[in-house]
Each structure stands twice: as C-alpha cells, then as structure tokens.
Amino acid sequence: MDSEASMFDHIELMLLDESVEPSDMPLSFLTAITNNFSEDQTIGRGGFAVVYKGLLRNGLSVAVKKFYDTIELSDEMYRKEVQSMMRLKHANIVRFFGYCADTQWKMFKHDGRHVIAEARQRLLCFEFVPNGSLDKYISDMFHGLEWRKRYQIIRGICEGLRYLHDENVLHLDLKPSNILLDHNLVPKITDFGLSRCFDDNKTRTVTANLIGSVGYLAPEFFSGLISFKSDVYSLGVIIMEVVTGIKGYCEIEDVLESWRKRLKMPMGDALEQIRVCVEIGTMCIESNPLNRPDLRHIIELFDEMENMRLVTKTTSSLGTQGSDEHDSEETIASAITDEKREKLSVLSTLPKYLPFAFLEDITDGFSKERQLGRGGFGVVYKGILSDGYTIAVRRLLRFQGIEMKQFDNEVNILMELRHKNIVNLLGYCHEVRGTYVQYKGKPVFAETSEQLLCYEYLHCGSIDKYIFGMITKSDGINPLPAATKDVLVLFLVRASSLISLPKK
C-alpha cells in the first residue's frame, strides 16, 4: 500500500509539474486506478492493446494502455514505445507518465493438469485526452468542425510530426485514430508501437515486415522502404481528410468553392488557409517520396502564410477609414480566381519554398527558348505564371555540389536583404530527385540534387549592356546619357554599402 500511495503522490505531481520524468509503475497501482481493468473503464481498443481510464485520488484521470499478452510482437513493440516516449516532450505529443513490465510465474490448468507458466503484463500510462481520437471528428466540408478548428488541428499535427522527425523518430502508423484531441481540440500524436528511431546520419531503411494501416501507407512501404517521407505521405492523407472529409487528391477549385458556401464573412483568410492546406496535402501524397516536402518546409509554408496575413491586416488598418468591415462579393470572387494560379504563388512579398515540379512547369521544362543568361554557377530562365506574371529562375549547376546547409545559409542571407536597389528573392527550391539512368547498359536508380532561386524579373537586362554601348535604339530602349550613368554608380554604391554593413 505504501508503494501505491507513493505512486499516487508521484503521478499527481507529474500532472502539476511537466519537468517530472516518467517512471516505473507497480502493477497493483495501475490495477487499482482502473478498477481491476474493468470493462466500464475501457476507452479504446486496438489490434495490440486495450486502453482504460484510470481515476486518481484528486479526481483527475490518466489513460492506461494494456497490451494483449498473446501477441508475439508485444515485447518488441512495448520496448520501442517505451524508448520513444521516454524522451519525447511536446505540446502535440501525448504526454507519457510511466510504464509497467510485470512478469510472474502462475499456476494454470491445462488439459486437466496444473502447470506453471509465465504470465506477462505490459502496460503504459499516459495523460488522459478527453475528446477522443480525430477519426470521430472527420466529416465533409458542409458539416462538423468549423474551419478554424480544422486548421488548428492540421497545424498542430504538423508541429508534432516535425518535432518527432527532429528527434529522428519515425512514427510509421500515423492516422486519425492515433491522433487524440484535448478539451480545446489541440491534437496530440499517440501510439508509438511501430515507431523507429534513426541515427543522426540515417534517413531511410528497408524492412521485410509490412507495417502501418492500409489507406495511410506510403506506396514505397510495399517495396519494404521506409523513411521520414513515409510519415509525410500519411500526413498528406490526414490533411486532405480533415479539409474535405475524404482521402486522396481533390481539385483545389472544387474544395474552395465548397468551403465558400459554408464559410461566414469575412472569408479571405480562411480561403488562403484552405488553399495552402490542400496544396501541402497534395504535395505530401506524391507517389515518389523524393518529391514530397519535409516537415521543415511544410512549417515554413504555414509561417509565411500567417506572416502575410499579419502584414495584410496591418496594411489594411493603416489604410483609409470607412471601408466595409467584411469582404465584398467582388473580393470573394477575386479570391476564388486567385486560387486558380500556380500553386505556391510567388507574388507575395515574402520568399517561400517552391516545389521543383512547379518551377519546371513555369519554365517550360527549362527549355532553351526560356534561357535569359548563363554564368559560372548556373543558368537563368524566364518563368511565366498562368496569369502572365514573369519571374526569373536561376538553376544552379549540379557539379557545384553545394551542401544543403550551405545552400540554406545563403538563402537565409538573401531573405534578409530588402532594398529598392537589391533584386528581390521570391522563392527557392532544394530537392533531391530520383531518376533512372543507364549504367553499364542497365537502368539504375540515381539521386540528383536540384537547387534553384527565384527572383523578380527585370526586363531591361543587366547594366553592362548599357555601360559598354551594347544597347541601341534598334532594341527599343534608348542608350543611357552620361548623367544617368553617374546616377547608376551612386545606386550601386548605396546597394553595396547595404550588403557590407555589419548586422546589429
């Protein structure tokens, strides 16, 4: 009884202090708080375990997961889940309180005889999440949760999965029934029985066992390949389900039109969130894992969208007084038209990650006809969006071999540069792409790294053509007078001083 009393004190302290570490728990304690694992206390049942509600002395509740002792893999799954949960602490990961691995020799009657056999009990204790699992809340666009709650759930799942991947943990069974919702509908990822932990330098492995849940399994699972991108595929299916109520690809215009019919005014922000979520979900369910975004890029897309919303609201608040509080019908129609632009539009004032497939499309497959220039580090192409807007796309030469970290550092520097005499960076892309090539007469699968930068398009070309008289009136542009050249020199001095100034 003393051990049970001390465990009551310990777990009640854990509920008040998040710094308290998970611990070993006696079977007698878990038996007591679940009323001897009463059927009345059952809150969930899966293929490997039953989950019970445990009641503490202070009236608070916990969840107790009891593995079936007849499952051959239960010990391995149990060990994996304990190892994963012991080190995970995040707002979007269900909190782990403790574990119990109890083994006793007991007398059983078998074929009319009494035999002594090993009786194993494997249990885990978690925070109790009152609103159950996400699968109970998935519905179409016209019923169920309002959009604000759906977006909160999608964003929270992405944050939780990014944390797992940053900790080198693959979940491998991500699905709505393994995502719990608390009293504020904040999502919490749970059930790490199939998870894998990778070393820092490992990103994929091969398995002989088909694991996970049908409908959420990435295509490469069936070839035995698992990686962080396997979780991303499952995430994409979930995002599409939360937005539309169905799995798989949906036309973004159809989704937006359906939501427009349900949303209340004002709807501009919501439509943008829906557009971004559908685009992210679509990218995540790409059949080729190399074409799926990683969680860092997904979170960047959410952050950029939300930053733009703040900028727009701030700008609006500084504008003229007396404008309508709500969007007009014309604005709504315009918003729907805007959704038909290329995905991840580069027209915003903030740079953003852009998929390689998008850049390939707007440059007509990086055709020679679209080339604007060539240098020692890459080729620049003209990219034309569906609305006629033009950007410049620089595709770095592959033999340069710029490491991901170096590329990211350079992009971050370019992002910070905002000046009227500095060309604006609109977007960037770094993707590892897989393709089949011929090697010694046989097709082999190879990976190539694509690194691209997107800038505003300046139609008058580079200054050297003006300085050295390469521009004539026949080009439709007047050559520069001497006074204008002096002004250009002044602009160059100002721009170079901006770049060379030390950061404060």
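Glycine is treated like the rest: Cβ placed from N, Cα and C.
Around the Cβ of Lys66 (ATP binding site), the same chain contributes Leu30, Phe37, Ala49, Val50, Val51, Tyr52, Gln121, Arg122, Leu123, each under 8 angstroms and 6 or more positions distant in sequence. Lys66 (ATP binding site) falls within a strand when secondary structure is assigned with DSSP. Feature annotation from TrEMBL assigns ATP binding site to Lys66.
The average pLDDT the prediction assigns to the domain 'Protein kinase' (37-310) is 85. Sequence annotations record features per position, and here TrEMBL assigns domain 'Protein kinase' to 37-310 (among others).
For 366-504 (among others), the entry in TrEMBL reads domain 'Protein kinase'.
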